[in-house]
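**Student:** Have a look at this one before I ask anything.
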Amino acid sequence: MNKTITVAQIRQAAQEAFDESRNLKGGANADYIPYLANIDSNLFGLSITLLDGQVINIGDTDYKFGIESISKVPTAILAMQQHGTATVLKMIGADATGLPFNSIFAILLENDHPSTPLVNAGAITACSMITPKGDSDAKWKAIVDNITKLCGSAPQLIDELYKSESDTNFNNRAIAWLLKNYNRIYDDVPMSLDLYTRQCSLGVTTSQLSVMAATIANNGCNPLTGDKVFDPDITPKVTSLIATVGFYEHTGDWLYTSGLPAKSGVGGGVLGVLPGIMGIAAFAPPLDSAGNSVKAQAAIKSFANKLGLGIFNGNNITIQK
Ligand SMILES: NC(=O)CC[C@H](N)C(=O)O
């Protein structure tokens, strides 16, 4: 069905979705990373970036929070850009695990396979694949430059978060060495894990993440800067990864109710992609049992449902200025 929506309708739906969700109770800040436990639980922001470069910001959209697992998306894109989408499928995989993001069991069940770049195991492998191999500083620069180009502005390392995660990431150390045992880490193990931990500790705003999402929705061309950040064939691949496993063991429920491919992080962020239409991001620290922000999910879902957005309904959306 052809459907035309106006920018005014988008603004109104976003404001209503934000207002409906702001007083939701439930969930709790992540506390297995001490820094995250102390973030103000009431922070809440919602941002939408349209493919003509318009950004709609509501609430705490300038607050820099830990990107956490949402960083898995840009680094998967970088690995695909550097090595090609077929190589990433071969060297990491694209399967949903149906298990928590940090599951060791998932690695064993997949029979030595890290499954997908969007769970911890696959993301550590993706960091190991980034070139130039063996050069931690140059790899880090490639990771940050890529995020900067996707967002149109730079993320900022939160030193305290990086230290907090590095001091407590025992489970991820086990994952990294288990993968090494299966020949699935393609560079130095502690270096690959450190790059993963550091990228999770980057601070970003919802406004920046919505631009990143819009760049993905726009086949790799940043709608704000006009920069061609990655090749167009990567958009359907990375969006399929996001749709398959973006909310871990709650991904099916999420996709069924929202219709929108989205990726969460335990910092409280969610990034959603509607290919050809828009990027969306929300942030609120309290998480559900799978580590997904309660309010960010509610706001994005409500926004999408109000406007009939979603990748499964057959709607052909045109946005009118
Ligand atoms: N789901 C997440 O956001 C997890 C990221 C976190 N850095 C971890 O490795 O546990």
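Glycine is treated like the rest: Cβ placed from N, Cα and C.
Where the annotation comes from TrEMBL, it is an automatic prediction and has not been curated.
Pulled these from TrEMBL:
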BINDING   Ser69, Asn120, Glu165, Asn172, Tyr196, Tyr248, Val266  substrate binding site
**Student:** Listed substrate-binding residues Ser69, Asn120, Glu165, Asn172, Tyr196, Tyr248, Val266 - what's their greatest C-alpha to C-alpha distance in Å?
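**Tutor:** Value for the max Cα separation, rounded to a whole number: 20 Å.
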**Student:** If we count other C-beta atoms within 10 Å, could you say which of the binding-site residues Ser69, Asn120, Asn172 has the fewest?
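**Tutor:** So among Ser69, Asn120, Asn172, the binding-site residues given, the one with the fewest Cβ atoms within 10 Å is Asn172.
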**Student:** Taking the Cβ of Val266 (substrate binding site) as reference, which residues of that chain separated by at least 6 in sequence fall under 8 Å from it?
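**Tutor:** Correct list: Ala30, Ile33, Leu36, Gly66, Glu68, Ser69, Leu287, Gly291.
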**Student:** Quick test of your reading of the structure: among the binding-site residues Tyr196, Tyr248, Val266, whose CB sits under 6 A from ligand 1?
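**Tutor:** Cβ under 6 Å from ligand 1: Val266.
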**Student:** What residues, ordered by sequence, lie under 8 A Cβ-to-Cβ from Glu165 (substrate binding site) and sit at least six positions away in the same chain?
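**Tutor:** Spatial neighbours, sequence-distant, of Glu165 (substrate binding site): Ile33, Tyr35, Thr197, Cys200, Ser201.
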**Student:** Under a three-state reduction of DSSP output, how is Ser69 (substrate binding site) classified: helix, strand, or coil?
**Tutor:** helix
